[in-house]
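S.K.: Let me begin by handing over the structure; questions about it come next.
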Amino acid sequence: MTDIFIYPQANLIAGVDEVGRGPLVGAVVTAAVILDPKRPIVGLADSKKLSEKRRLSLYDEITDKALSWSLGRAEPEEIDQLNILHATMLAMQRAVAGLHIAPDYVLIDGNRCPKLAMPSLAVVKGDSRVAEISAASILAKVTRDREMTELDLQFPEYGFAQHKGYPTAVHLEKLTTFGATEHHRRSFGPVKRVLGLV
């Protein structure tokens with residue numbers, strides 16, 4: 001971990017991160033993780049900096065060794081209704097609420113915190129500075145990537161397994177050719193344009 005982070009004085013600290021704010025399709029997925037200090041996990045890092053194979057291996061280790069972990073999500077309809085920022089905050093609240101052990105303190109990746117029942121702190125670049133947030137980023141990314149692979153089986157013409165729903169040139173081309181699926185976020189510019197909403 002670079003840029004040493006000074007932990008707050010608390011016994012049970014949860015880390016929270018999200019994946020999927022930028023894509024044009026699918027849910028934004030969040031995870032909350034309370035690690036077990038007696039069962040350390042070696043190699044935790046920002047999920048984006050790990051190979052897929054390493055992420056999958058760490059996913060299994062995190063879900064096995066963590067004191068508690070939980071996933072949260074906000075669906076495309078909620079994103080369209082609330083906007084992506086508020087939907088992400090809602091998904092983070094859901095992840096924390098899903099923990100079977102209530103944390104004393106929550107560390108959140110980024111620069112803002114959702115409203116929570118316990119103290120929280122936003123940590124910029126937290127996914128590479130705080131082990132709990134790194135673990136959450138891995139759970140969220142593996143989960144969302146799996147969902148995109150499943151969506152790819154339903155809609156093979158879009159290439160979701162490759163671009164994970166992000167607005168790549170390939171995705172934008174397929175969107176123009178085939179139109180939007182019911183899983184696309186209608187409030188996002190490229191989807192709006194295809195649907196004739198702008």
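Cβ from N, Cα, C; glycine included.
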S.K.: Figure out which of ASP109, ASP145, ASP152 sits with ASP17, GLU18 in the divalent metal cation site per Swiss-Prot.
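M.R.: Within the candidate list, Swiss-Prot flags ASP109.
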S.K.: Cβ within 8 Å of the divalent metal cation site's Cβ centroid: which residues qualify beyond ASP17, GLU18, ASP109?
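M.R.: Everything else in range on the chain: VAL16, VAL19, THR30, ALA31, MET92, ILE108, GLY110, GLY126, ASP127, ILE133, ALA136, SER137, ALA140.
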S.K.: So which of the binding-site residues is most packed in, judged by how many other Cβ atoms lie within 10 Å of its Cβ, out of ASP17, GLU18, ASP109?
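M.R.: Most Cβ neighbours within 10 Å: ASP17.
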